[in-house]
Amino acid sequence: MYAYKMGRVPELVICSFIVVSLLVIHFFSDLLRASLGGYYNQDVTLSQLVESQSSDYAWFLKLLVNCFGYSCVFVPGFLIYKYVGRINYLERGNKTFLHKAINMCITGNSGYDQLDAGSSTADKDRPAASTAPKRTSSQEAVQLLWCFGGLMISYLTWGVLQEKIMTQNYLNFTGESAKFKDSQFLVFSNRLLAFLVALAYLQWQPSPVRHRAPLYKYSYASFSNIMSAWFQYEALKFVNFPTQVLAKSCKIIPVMLMGKIMSKAKYESYEYVTALLISLGMIFFMSGSSDSSKASGVTTLTGIFLLSMYMVFDSFTANWQGSLFKGYGMTPLQMMCGVNLFSSIFTGASLSMQGGFMDSLAFATEHPKFVFDMVVLSVCSAVGQLFIYHTIDVFGPVVFTIIMTLRQAVAIMLSCFIYQHSISLLGIFGVLIVFVAIFLRVYCTQRLRAIRKRAEANKPKMAV
């Protein structure tokens, strides 16, 4: 009996870490409420207090409060990680539910050798991709049209609804108009549905690949992913959608910089030239596009800063996911499931701490059209991710890049047509420079790859 009680001590300590951390965070959130003037009005949520601040700088306060909410997950997780490593908790024999959950989070499935051995056997028995029957040209064309149509419809609809939700007014039952303001709730709904879709798809697969990566590894990509999504939504309050779409083309630049920093990657000269052309085109577009409702210097600089932070976090996500693919060999669907799981946890915890759930649900009950737009937005986001993985798997990254580049051009024209954005000739010239640079980059990449393959094939074989 004594040994049994002593065996339960680590579980009690781990649970106390979670409870004490949440109590401390709740205490500091009350202090933050008091500093914002909400101490004597308990009916006002922290999210509403933040929204009541100056509109030009409320985004910065919301960012701090969001990160404070994410600490509800990070702080207990860090304490548990340090504690279980110090007492060698994972090496103990008692396989309780908590033990298995922590083991999966910290070490993955590496501790279950029999399962890995079984999965390895299953992986060997699974037919290789090269043995799949070759498709005819008509089947190839139908498959390409399916991928092209899926990506276009899902992401064009997603883009139009994204701009509508963040910039347009919704009418309630009494005819009063109001704007939806909580970007984090949109991130939560998108990531939760994407997680459920990926999980259902993985369960539906007849012979899934055994997952081996520690779950906590996904938290880094998840945090950067939700931060990039939040910056993307917030930027629409300060710049128009065409500016945001074209700014995404500049992701190549921070991705290259992040690759240099994280992976010591080397790039060809044409990659630097096309990156410079994209930057030049973006400058022309920003100089030649105007939006009278968002024309002040403060809002323009704020929008540029938010877009820059979006690209920084998004480039980190891409590089970190690339390192996970190389290190653990998981499938893209497993990556989608793991990242969206932590994204749902982070944003859900932050919304609960701020009271954002109640505010957003109250807005939804009063504005039924918003509910429809939010659901369709989340569905398009989740389905679009599936089409991304399917297109890259069937046709490769080059075809996918061309389709998405065309999608960006159509999205700009569609946004200008629906929401009446004005672009001068200089702005149109900047758009053309960006897209020409992207296609030039794709062409040079393919040509260089072909040259290297020919050189490898013509290399004389060494005698054995």
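The backbone N, Cα and C atoms fix where each Cβ goes, and this holds for glycine too.
Keep in mind it's a predicted model, so treat the numbers as computed, not measured.
Per TrEMBL, the range carrying the annotation transmembrane segment out of 238-256, 333-351 is 333-351.
Below 8 A, the CB atoms of the transmembrane segment (371-389) and the transmembrane segment (185-202) form 3+ pairs separated by six or more positions in the chain. Ranked by Cβ pairs under 8 Å to the transmembrane segment (185-202), the stretches 12-29, 144-161, 333-351, 398-420 are led by 333-351. Away from its own ends, the transmembrane segment (333-351) comes close to residues 47, 65-66, 68-70, 72-73, 182, 184-185, 187-188, 191-192, 194-195, 198-199, 201-202, 205, 209, 211, 213, 215, 217-219, 221-223, 225-226, 321, 324-325, 357, 360, 385, 389 of its chain (Cβ-Cβ under 8 Å, at least six residues beyond either end).
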